[in-house]
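Enquirer: Got a structure for you, written out below as structure tokens; questions coming shortly.
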Amino acid sequence: MEPLTIVSLAVASFLLFAFWALSPKTSKNLPPGPPKLPIIGNIHQLKSPTPHRVLRNLAKKYGPIMHLQLGQVSTVVVSTPRLAREIMKTNDISFADRPTTTTSQIFFYKAQDIGWAPYGEYWRQMKKICTLELLSAKKVRSFSSIREEELRRISKVLESKAGTPVNFTEMTVEMVNNVICKATLGDSCKDQATLIEVLYDVLKTLSAFNLASYYPGLQFLNVILGKKAKWLKMQKQLDDILEDVLKEHRSKGRNKSDQEDLVDVLLRVKDTGGLDFTVTDEHVKAVVLDMLTAGTDTSSATLEWAMTELMRNPHMMKRAQEEVRSVVKGDTITETDLQSLHYLKLIVKETLRLHAPTPLLVPRECRQACNVDGYDIPAKTKILVNAWACGTDPDSWKDAESFIPERFENCPINYMGADFEFIPFGAGRRICPGLTFGLSMVEYPLANFLYHFDWKLPNGLKPHELDITEITGISTSLKHQLKIVPILKS
């Protein structure tokens, strides 16, 4: 270990002890929670590859609303639909902020995106643009040709590898990346491979453990240990690529409205004005990064889980294939066909319930002191909503941890944010605005995979032997990538 690192850790340890010893002991009526260790509080209890499961297990012991002390950060975790409703509906305005983090400030241009921007007029207007212009149902439909073209390419690859194992995980990640990049940037990104590589480094950074995040007074560690310099270098790489994209869009002129990519839309909004603030290139880049980072990992992980569950349940695979092959006429699936694929939609719903792409929703922050379920929640408290625990709540779902798509037959519950037992995209003001786009990246590819190919496990593996161990980053995915064998449809 370098001498500077040793000295830094020694200084940090001393300061941590000082923070702990001198910090005022609260007398507020906080929610119950597990015992706190000196200095670190409950940080050690989140050091797990599946923190959503750890928190659900703690909630069984300490209650559906639970207080954790994560270093210097007071944190409240809610784990049931009733308490999620309290946070995201009853008191939504009080919990509409995001915590300020060094990484969101660096990567998203001082948090001028939609995901990390603080609640206020800027966020409201940018969210409105996103909802009405960028990710409306009409706009998502306009990208259908991009999805269709990419699925044709993938199908040809699978045909050439029929009868041999393919890495389904890698294939779907590449597919989702290609569609999102083209829908967002058009054909103007000359270095997509570098862009995607840096984006994944950003995603890893956002989900990685960082001691200074739990001790605001230790931000100097990010400088001394070289983390901040590394993050700034990554941000500079992204900024250079996005700057070239904006220049390319401006040089080629404006596309027709039905051919606009998302950068076209944002530049049009920037040029026409009409907002209470001047839209800058930094605002455009921040929102573009939102689009690129938010959907990539989550859509591919959902596809991976859906196919995994179908491989583990051959009777469900058979029913889904029979449906899609009876509905589709000819060699090509149209997105209109999806409206008739009722069982496939049940499969996607059940996948989102049991394998929520973001099991712990993006953290919120309490804007003003309030009371939830009889407990005091001080201002600046960090709020974690365990969407996975809500989706597997035994009081809301029978056989909650079993994969049963049929549970959604004739069931009015949906993922639009009104039913708090099923919130894979969040709810309230901070619900994911890319919901429709994300679903299009799951339903249409899945239908194609089931229509054109039969599938089997490699090396004589039995369905019940398929390893479904989880690992959590930005989203929860399989620890071991899914490898399966495509067989040409007879």
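Note that Cβ sites are derived from N, Cα and C of the backbone, with glycine treated the same way.
Heads up, here are the entries from Swiss-Prot:
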BINDING   Cys432  heme binding site
CARBOHYD  Asn167  N-linked glycosylation site
CARBOHYD  Asn255  N-linked glycosylation site
TRANSMEM  3-23  transmembrane segment
Enquirer: Express the distance between the Cα positions of Cys432 (heme binding site) and Asn167 (N-linked glycosylation site) as a whole number of Å.
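Expert: About 29 Å separate the Cα atoms of these two residues.
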Enquirer: Note down the number of other Cβ atoms within 10 Å of the Cβ of Cys432 (heme binding site), including every protein chain shown.
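Expert: Summing over all protein chains shown, Cys432 (heme binding site) has 25 other Cβ atoms within 10 Å.
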Enquirer: Can you name the residues of this chain that are 6 or more positions from Asn167 (N-linked glycosylation site) yet have a C-beta less than 8 Å from its C-beta?
Expert: Gln481, Leu482, Lys483
Enquirer: Reduce the DSSP letter at Cys432 (heme binding site) to three states and note it down.
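Expert: The residue in question, Cys432 (heme binding site), is coil (DSSP, three-state).
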